[in-house]
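*Asks:* Before we start, here is the structure in question, set down as structure tokens.
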Amino acid sequence: MATDGLHENETLASLKSEAESLKGKLEEERAKLHDVELHQVAERVEALGQFVMKTRRTLKGHGNKVLCMDWCKDKRRIVSSSQDGKVIVWDSFTTNKEHAVTMPCTWVMACAYAPSGCAIACGGLDNKCSVYPLTFDKNENMAAKKKSVAMHTNYLSACSFTNSDMQILTASGDGTCALWDVESGQLLQSFHGHGADVLCLDLAPSETGNTFVSGGCDKKAMVWDMRSGQCVQAFETHESDINSVRYYPSGDAFASGSDDATCRLYDLRADREVAIYSKESIIFGASSVDFSLSGRLLFAGYNDYTINVWDVLKGSRVSILFGHENRVSTLRVSPDGTAFCSGSWDHTLRAQPQALLLEVALPGLEPSDRPGPSAPVNLRGCARPTCKTTCSGIKMGPVSQKLPKPAFQSTLFK
Amino acid sequence: MSGSSSVAAMKKVVQQLRLEAGLNRMKVSQAAADLKQFCLQNAQHDPLLTGVSSSTNPFRPQKVCSFL
């Protein structure tokens, strides 16, 4: 009826204005507490010394772009997944491949190691997350024991086991995250709130309780209560898709890496962004971030093939690491903090612990030797095969023309 | 009806915002001090900061065995 329609419009209008005023109030409240910058608080902290890292192991074996990797709790095994559907488990000390399975889909964008070390989970364009038990029995076919756990209505972008092998948390291009029971495949909780594809998630360190953070194409990072499914905090300061989120080791903050070429630190108790890690010279998106054990260092892999190491407290860059020959797609620090591993579209994974020798890591091949991309690459949204209108960034031309040539050869940086 | 569903959606948005507006927040100075404290306390246990000696580094360059 006409009067009902009018009533609805009034309600909608009043709700909208209430939403606007609440948003304004939120801004005000957050601004009131913004009495100082993180780097100011850290002014008197001793600056970090010269920083040298050396690639110690290169894991070769993927025939295509490496999209994701995860460490096993035993600090030596690694699982990685790639565009051609292969999922490989490596022993990073010996570089041996211990297991390999071919998924029925391409673009396996997510993989995770179970806490027990006895299984892995992976998924991608198949819209599912599947768990494979790892067996050393040569006669057993790994693919035969596969268990489909999660079902989304769009691609799987990230997955992680919770504290046990029994539950898996997933993030998807369908805009939701979900918690599943591995044994039954039952959906335990779903998390709605992102306005576009969810690209990443990270679980809070176990001591800080049942929350996790997710980042998406809607430029928002959202913190969720796993039990209620409620979003408890949301942050929207990035200017483009958030590709990676990672909790600070204490659980009180988290970092994000985005296509807007910045990484940011959000403090959960102050409920706001407290640091931006950026430089005018860095114009390519950050695809993956992780902290060192103490939280002092933030490692970030970028689409310009480099890894920047940031001093979290002071906000400055302490080092650039070269070595990959294509964009860095994934990066994780090992569970004991002795090394970190990066995976790239150049088909390799590199493990880099702290070097003892003050040897400057070489920046890789000369441009003429470097295998260039065979076709113009659309840098924006390439990582997501279903990239269409959710992509909000600038489309860039062929990589070889846009790639900034490093003006310096050293990895030592103040 | 599309009208009622957008009202329902807006209600959810307003509910969420009310929740977020009601959070207890800490001053950045305090939060930042805690972050700094955590870093400094754990700095010596951070192998990527302090370095690992070659003998304990599991990733040290692999030596080739030779027969004597």
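Placed from the backbone N, Cα and C atoms, the Cβ positions cover glycine too.
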*Asks:* Looking at A:9-39, A:319-349, I want to know which stretch TrEMBL calls coiled coil.
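*Replies:* Matching range for coiled coil: A:9-39.
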*Asks:* Sort out the residues at least 6 away from either end of the repeat 'WD' (A:288-320), same chain, that have Cβ-Cβ distances under 8 Å to it, and list them.
*Replies:* 38-39, 41-42, 45, 47-48, 51-53, 243-250, 255-257, 261, 263, 265, 275-277, 279, 282, 326-333, 336-337, 340, 342, 344, 346, 379, 403-404, 406, 411-414
*Asks:* Would you mind listing the long-range same-chain contacts of the repeat 'WD' (A:191-234), meaning Cβ under 8 Å and 6+ residues beyond its ends?
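*Replies:* Residues 154, 157-158, 160, 162-163, 169-179, 240-247, 249-252, 254, 256, 258, 266, 268, 271, 384, 390-392.
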*Asks:* Given the model, what does the mean pLDDT over the repeat 'WD' (A:288-320) come out as?
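*Replies:* 94, rounded to a whole number.
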*Asks:* Residues sitting near the repeat 'WD' (A:321-350): Cβ under 8 Å, six or more positions beyond its termini, same chain?
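*Replies:* Same-chain residues near the repeat 'WD' (A:321-350) but 6 or more away: 53, 55-60, 62-73, 75, 78, 80, 82, 90, 92, 284, 287-293, 299-309, 361-365, 370-371, 373, 383, 406, 411.
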